Amino acid sequence: MRAASAVTLTFLSAIICCSFTLQLSPPNIIIMLMDDMGWGDLGVLGQPSKETPNLDAMAAQGMLLPNFYTANPLCSPSRAALLTGRLPVRNGFYTSNAHARNAYTPQEIVGGISKEEILLPQMLKKKGYVSKIVGKWHLGHRPQYLPLENGFDEWFGAPNCHFGPYNSSIRPNIPVYNNSEMLGRYYEEFKIDKETGESNLTQLYLTEGLDFILRQSDAQQPFFLYWAADATHAPVYASKRFLGKSQRGRYGDAVMELDYSVGQILAWLKTLGIENNTFVFFTSDNGAALISAPNEGGSNGPFLCGKETTFEGGMREPAIAWWPGHIKEGTVSFQLANVMDLYTTSLALAGISPPEDRTIDGLDLTPVLLNEPHLLLDRPIFYYRGNELMAVRLGQYKAHYWTWSNSWEEFKTGINFCPGQEVPGVTTHNQKEHTMQPIIFHLGRDPGEKFPLRVLTKEYQDVLSRISPVVEQHKKNMIPGIPQLNMCDMAVMNWAPAGCEKLGKCLKGPESKPWKCDWPH
């Protein structure tokens, strides 16, 4: 009897020990960042074309966050913000060449992510995470700026946008990397048919993601997968299976394929039995590019303008959090949240404290996601364009301190970030300062930012009295980082990436003649 009791006690102790260990093991983390996908592209957010059944199901099984924002209305700065938890004006992903200009990392950019920054995968190594990026990097293409030099263990994708094809004597096509060496180039080994829109890149990215998940699951090692597919960025593409299947043309086809891929990844987690230990977050880098619409641009729903602007359409993003057994199914949180929060939240899930030697702008969203008591509701959202604070949201109210869509010169050539949405005095084509008397909207009543509050009303004065000290404190504590996006040089383009020798793909570049980059908007 005593022997049996001893065996039983040992067995129970083992169960308790293992359960405790499982509870303490950090979850896997998957961040899915789309490219130029708009808030209004998801069925769950009102898109009637029925292209996103898997994303709609993901929202039904998790949490929808309708008040989720990016940190900048353009690709590179928003990605830098996600991976550093810091505003682009702090982490250096902006330009000081001109006032309030959007800047990114084309091939001729000299700079990239600063070595002073501590990226999310570098932090996650403290708890043994293996990290992989699949898809678009966009934080600098020179060797010192690439993913494996900044915390990632694996990479399959490209350092720049899939623009092209180019004449190799003037400008090289963008390389596609496997880890630290190129496998080929866009439009050469990695085909994109701009006439038909056909490309199998999304399928390659899906396969890479599924393979990584399987390997880490078999190794029983926590992983971070940053899945950054770019099919919805012009030139938009989809594989043959999806071309012509949507109601919105090529752009809708790309959305359908990305939705399918999300569904495959979530199903794979369930097949492997790790869905309860994997936190997944879906969002986009900036608003839909209305300049590319309707054929190659998406929908920002009821919001004003799109990519490149600090109106709602440029910075409010679709967002879904999914973690079976932890996030309550079918929940909707109207918490104001930001892409930088994914940095701090991921660290919290992994049991890692954020760096203490710098300002971290991202907040820990775990109390919101796990339905715990919190005081996050009144946090502000800051809308930056380059080196300028353009607007601030607090609660339901948004105050514009500067307005600008794009210049008259560009507008007259057909470049329009707000097609069909001109709002007099708001979507200005000159940079207009309103710091003495900001334009204020109630986004609950007026999500399209068409009807400013009247200045002499009590509502306006009450809102201004609450927002003004928030802005003053923010500006007082702001120490901008050294701008990384000021200098350009044709000599630094992707002429001879690592691995080009093996493939016979090295090209001879021009002599170095650096200049100050011109950022028109």
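Glycine too: its Cβ is placed from the backbone N, Cα and C atoms.
According to TrEMBL, the signal peptide annotation covers 1-21.
Taken from TrEMBL, the feature domain 'Sulfatase N-terminal' applies to 27-352.
Note on D285 (Ca(2+) binding site): other Cβ atoms within 10 Å of its Cβ, all shown chains, come to 29. Summarising the annotation, TrEMBL assigns Ca(2+) binding site to D35, D36, C75, D285, N286.
Annotation comment: TrEMBL describes C75 as active site, nucleophile.
The annotation 3-oxoalanine (Cys) is assigned in TrEMBL to C75. Long-range C-beta contacts of C75 (Ca(2+) binding site), restricted to its own chain and to partners at least six residues apart, with a cutoff below 8 Å, comprise D35, D36, Y104, K136, H138, C161, H233, D285, N286.
The annotation active site is assigned in TrEMBL to H138.
Taken from TrEMBL, the feature N-linked glycosylation site applies to N200. Of all Cβ atoms in the shown protein chains, 18 besides its own fall within 10 Å of the Cβ of N200 (N-linked glycosylation site).
Residues M34, M37, L74, S78, D230, H233, S284, A289, K307 surround the recorded Ca(2+) site, their Cβ atoms falling within 8 Å of the Cβ centroid of D35, D36, C75, D285, N286, which are themselves excluded.
In the predicted model, the domain 'Sulfatase N-terminal' (27-352) has a mean pLDDT of 98. Annotation: D36 carries the greatest number of neighbouring Cβ atoms among the binding-site residues D35, D36 [cut-off 10 Å, Cβ to Cβ]. Ranking the recorded positions H138, N286 by how many other Cβ atoms lie within 10 angstroms of each Cβ puts H138 at the bottom.
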